[in-house]
Amino acid sequence: MEGPLSTWPWEKLGCFKYLLYGPFVAKVMYSRFQEDSIMATWCLHVLILCSLRGLIYQLWSSFSNMLFLTRNRRIIKQGVGFKQIDEEWDWDNFILLQATMASLAYYTFPNIINIPIWNLNGFIMIIILHIVFSEPLYYYLHKLFHGSYLFRNYHSLHHSSAVPQPFTAGHATFLEQIILGGVIGIPILGCYVMGYGSIAMIYSYVLVFDFLRCLGHCNFEIIPHQLFLAFPFMKYLIYTPTYHSLHHTEMGTNYCLFMPLFDVIGNTLNPKSWEMHTKASIQSGTNSQVPNFVFLAHVVDITSALHVPYVFRSFSSIPFTTKLYIIPILPLSFLAMIIMWLYSKPFLNTFYYLNNYLHQTWVIPRFGFQYFLPFATNGINNQIELAILRANKLGVKVISLAALNKNEGLNGGGTLFVNKYPNLKVRVVHGNTLTAAVILNQVTKHDVNEVFLTGATSKLGRAIALYLCTKQVRVLMLTSSIERFQKILKEAPYEDQKYLVHVTKYQAAKHCKTWIVGKWITPREQKFAPVGAHFHQFVVPPVLPYRSDCTYGDLAAMRLPPHVKGLGSCEYTMERGVVHACHAGGVVHSLEGWTHHEVGAIDVQRIDLVWEAALKHGLMPVSSFKKTD
């Protein structure tokens, strides 16, 4: 049974809750045609303040998720999983609530709109009122909410977030946020009643209040311990992220709002507070944990570049599709692309834990189109080489190359780096063996006796053709090069060579219902497939699903084991918990402890071995059949 006022009145509205700001907007718009615009001015201030409050939380969230800046300063090391992200999805409910409370305050004290823009005395007075009233009131009520009944029915929601984040500060029940609104409102109304109120004071107090709330929940230590060494009294006047994190990990201590002084007075100060802060501050410049595995990704385009936790956490937690709300910030993405091209190095993007091993995704600061610019080849290879050498220096076991980072024409599928640095301890993996295994599993689990293969002489195409012919599956290999076809044909066992058929036109597959696409095909070329055909694919970017009477597979992928921890972002268009097969191939390589590099041509004899190893470690194939509308 839920406690009274524990749920939000607009809980079932979803994103339509923002329509509740409509009366504020309507009043502002309507006032343009009225002489008396006092109320509209108040509504405008409320809307501006709500926008600025949301911006503060978003900027703190972005900063907190910039792991390339904060990774060594993190207090709680585990990642933020999908469950916590979903639970905190409506973190901004309190902004809407307190906007409503501000309107009620206006109707109660209508003359508040007549306060001046600036009053220096008001800033001094609001600090005094905050210390005298807000801090002790919050401390007492917070401690009260840790009692059995109130914690179970109310405050446990806030503490259900395993890893404090800026959005966690807003994750609380309706009743708690009403009380917090009162804590904020008391100094503001007090200054007004005493004649010291001003517009600037209200803006400043509310925004600083939010800023400090985000600071306490950011989960990385940003306040240097030298500040408290130089000014020891300061540690009683301002809390730190480490200080508040202790409240989340060891409840029963550190209840204060912003000032630890009240924990000292109330005898609830955690004795480890200053020691942990000093330790976190000193160790902020060192690598806290070496990843076991690194997936080396790259940016696809300026739109998908925004699909990262440090832009919009919620957006990156769902499979990528273009959303209307990201269009206005595309110019920022374009600017970021230019800056990355000129100055950036490989950087950490996301991480998760599997079997207690740290797995990270690093990003080469290059966009998809740049891989097809001849003059950019050396620069891209230098970036990949830099990442490999850094991983080698750190002690990473395996680094797996994504999509274009292992392009045959770019670096021979990683061969360039292995040959250049024969003493590498980190194992370089292209992951194509498992990619081939995923595609072959999709094909062979159906009763197929003939396939049509484009990109037939590529690295993956060769492996797929050689594997299928040994299963007595007829492979129509589309290629204009008879020499490359003959080279692959000679690799096949003599008795199986008859299953490899050289074709040069798409018309040759007009009766074949299983197409394996390794080279991009146009809608016109898709027309040659018969009704009911299925398009498997390993081409980047994926083909356009043109035929409504056919089905299309996604790129080869596998689902990570259910016990993966701290995974909170989707890999491009993949579902939650699903990664590209080349990513999964590197995971398997690291979990198995294999000591060889997987670069260059695919060893066909290892396809079944790699597949069985993936299943053994709990990775699962993903159903990829889908029809167009």
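Heads up, the Cβ atoms here are built off N, Cα and C, so glycines get one too.
Bear in mind that TrEMBL entries carry predicted annotations, made automatically and left uncurated.
Residues or ranges marked as transmembrane segment in TrEMBL: 39-60 (among others).
Positions annotated as transmembrane segment by TrEMBL: 120-141 (among others).
Here TrEMBL flags 128-268 as domain 'Fatty acid hydroxylase'.
Residues or ranges marked as transmembrane segment in TrEMBL: 178-208 (among others). Within the chain, the transmembrane segment (178-208) has long-range Cβ neighbours (under 8 A, six or more residues past its boundaries) at 5, 45, 49, 52-53, 56, 94, 97-98, 101, 105, 109, 112, 115-119, 121-123, 125-126, 129-130, 133-134, 137-138, 141, 172, 257.
Sequence-distant contacts of the transmembrane segment (324-343), counting only residues of its own chain at least 6 positions beyond either end whose CB sits under 8 Å from a CB of the stretch, comprise 299, 302-303, 305-306, 311-312, 315, 365-367, 370. Taken from TrEMBL, the feature transmembrane segment covers 324-343 (among others).
Taken from TrEMBL, the feature domain 'Very-long-chain aldehyde decarbonylase CER1-like C-terminal' covers 451-621.
Broken down by DSSP into helix, strand and coil, the domain 'Fatty acid hydroxylase' (128-268) contains 98 helix, 1 strand, 42 coil.
In this model, the domain 'Fatty acid hydroxylase' (128-268) carries an average pLDDT of 96.
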